[in-house]
Amino acid sequence: MVAFSALSGVSALSLLLCLVQHAHGVSLKVSTQGGNSSSPILYGFMFEDINHSGDGGIYGQLLQNPGLQGTTPNLTAWAAVGDATIAIDGDSPLTSAIPSTIKLDVADDATGAVGLTNEGYWGIPVDGSEFQSSFWIKGDYSGDITVRLVGNYTGTEYGSATITHTSTADNFTQASVKFPTTKAPDGNVLYELTVDGSVAAGSSLNFGYLTLFGETYKSRENGLKPQLANVLADMKGSFLRFPGGNNLEGNSAENRWKWNETIGDLWDRPGREGTWTYYNTDGLGLHEYFYWCEDLGLVPVLGVWDGFALESGGNTPITGDALTPYIDDVLNELEYILGDTSTTYGAWRAANGQEEPWNLTMVEIGNEDMLGGGCESYAERFTAFYDAIHAAYPDLILIASTSEADCLPESMPEGSWVDYHDYSTPDGLVGQFNYFDNLYRSVPYFIGEYSRWEIDWPNMKGSVSEAVFMIGFERNSDVVKMAAYAPLLQLVNSTQWTPDLIGYTQSPDDIFLSTSYYVQEMFSRNRGDTIKEVTSDSDFGPLYWVASSAGDSYYVKLANYGSETQDLTVSIPGTSTGKLTVLADNDPDAYNSDTQTLVTPSESTVQASNGTFTFSLPAWAVAVLAAN
């Protein structure tokens, strides 16, 4: 057992003294001997469905409200085509999970195309790849069914397919089509499904759980949008924490993220009211998260519900014997993930298409239990979940959802980790620079969420402050094992939290990378396995640094949190050449957004003289020197 207590960061006074230093030449000497080990999975991703980052974001399904899910189903995103009307039909369920379908009533004298359209999530990105659509239909009909992608305002057709299908009024039957597309100039595209009005005249047809997918990342069925997945792949992150976040907690025990309702066929997933103002289809479910990890080479970090909902919602926290069914539910989930096919839940996983167990090594118990009334009971709840999980799976790393000592057991179990979150102002993040210098080295840290807060878009001042914070924890990456910026993704048409790392609209190529994205990319792509000692003639502030090595390669990361240029000499014995990547702007408020890209990194080759590199770092800058 390991004792644990709270620690404080640097004082405001010391921060002020750092910030008022004048620019002058700074000399850094990197030792090529010794050093501390650095976590090989330091940089990664935290994901939850916020800002339509899942549905309408990285998840490849392009139709909004595809199954009319929810306790109060509606026709959001749907409209009728031709001489027909549509309505919600609760008397013709597709499955027990999808109790409502769309009823299409066709006029007695209808001719031409009649049917329904879907507007997607503020549009549909048509990228020129092969598309596929599926749907369930019930009703007496035998004839052509056409699926089209058509400009909302222009009427331009970007792809279509027609099939002949026969359905009856007795049962739903499924149909699917594949068709080539031409790239649309923007996201103003509608999905249109129509039947022959003259054949269907005077009748009613029901449609259930419709899907539309373009190309997916690595051609994964029910997979990710490649445009966004590629941007994440470019960062070379090491882990993915899922499914949240607040969206794991829900607003009550009943409303929590339920793993067993996110698996199997899409039409067997009821979805849930998410905690970020919109309904989640759960098409991006447990299997899809693990395939995301598999396809991007990420270590999965699974969050499990621990008896506490947001702001103590739904009479939570749950304690004592009342926790037992929720602990059992987590054990069932872990058997589903890790069990072989001789187990009940391992066999269920195999029946759902995944024969081999997944490689899960880390589980986080709850989310931010220090907030909203969760702290007082968390030590009890954490211990109950820890004891049960550890007994069944002793090799799993179990992570507490907070690092606040008042919320944790007096003695943390050997091998457990804690999770530290920090949303702050730029000065606040810089003020935490040496917080990690003072940690007890026996309790590993996961920095599960951090970023500069309360601004629309990441700007240079905020991104440099994040770099200072990152330099602080990378210097201590023997004990800080993982860290993730949050939130990760943002559909600009529906945003609940800013700033975010990556923004997008539904135009096919409309992805904009923030200044903070570039900082994350620069730091993640340039990693050593050993943190090196650096000696200097200057104190930290406004210039901050960390150095690491991997074999004969050295990486020096720098942040200039100030308005004056810094002249540097960086000595690394034995090196002769390097690549210098710099992200900088004299305007601390400069930012990238959906309307402008003002700041991008620049790269240059630099030569050393007797192992010493000489260069200047502009105001409000982040840089990485990769030398060998």
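Using the three backbone atoms N, Cα and C, a Cβ is placed for every residue, glycine included.
Pulled from Swiss-Prot, these are the features on record:
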type: SIGNAL; residues: 1-25; note: signal peptide
type: CARBOHYD; residues: Asn36; note: N-linked glycosylation site
type: CARBOHYD; residues: Asn51; note: N-linked glycosylation site
type: CARBOHYD; residues: Asn74; note: N-linked glycosylation site
type: CARBOHYD; residues: Asn152; note: N-linked glycosylation site
type: CARBOHYD; residues: Asn171; note: N-linked glycosylation site
type: CARBOHYD; residues: Asn260; note: N-linked glycosylation site
type: CARBOHYD; residues: Asn359; note: N-linked glycosylation site
type: CARBOHYD; residues: Asn493; note: N-linked glycosylation site
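Feature map: annotations from Swiss-Prot on the structure.
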residue	record	Cβ contacts under 8 Å, 6 or more apart
Asn36	N-linked glycosylation site	Ser477, Asp478, Thr530, Ile531
Asn51	N-linked glycosylation site	Gly57, Trp276, Pro487, Leu489, Gln490, Leu491, Ser494, Thr495, Gln496, Trp497, Asp500
Asn74	N-linked glycosylation site	Asn65, Leu68, Ile88
Asn152	N-linked glycosylation site	Glu119, Gly123, Asn188, Val189, Leu190
Asn171	N-linked glycosylation site	Lys138
Asn260	N-linked glycosylation site	Asp329, Asn332, Glu333, Tyr336
Asn359	N-linked glycosylation site	Pro300
Asn493	N-linked glycosylation site	His52, Tyr121, Trp122, Thr505, Gln506
Collapsed DSSP category at Asn493 (N-linked glycosylation site): coil
DSSP state at Asn260 (N-linked glycosylation site), helix/strand/coil: helix
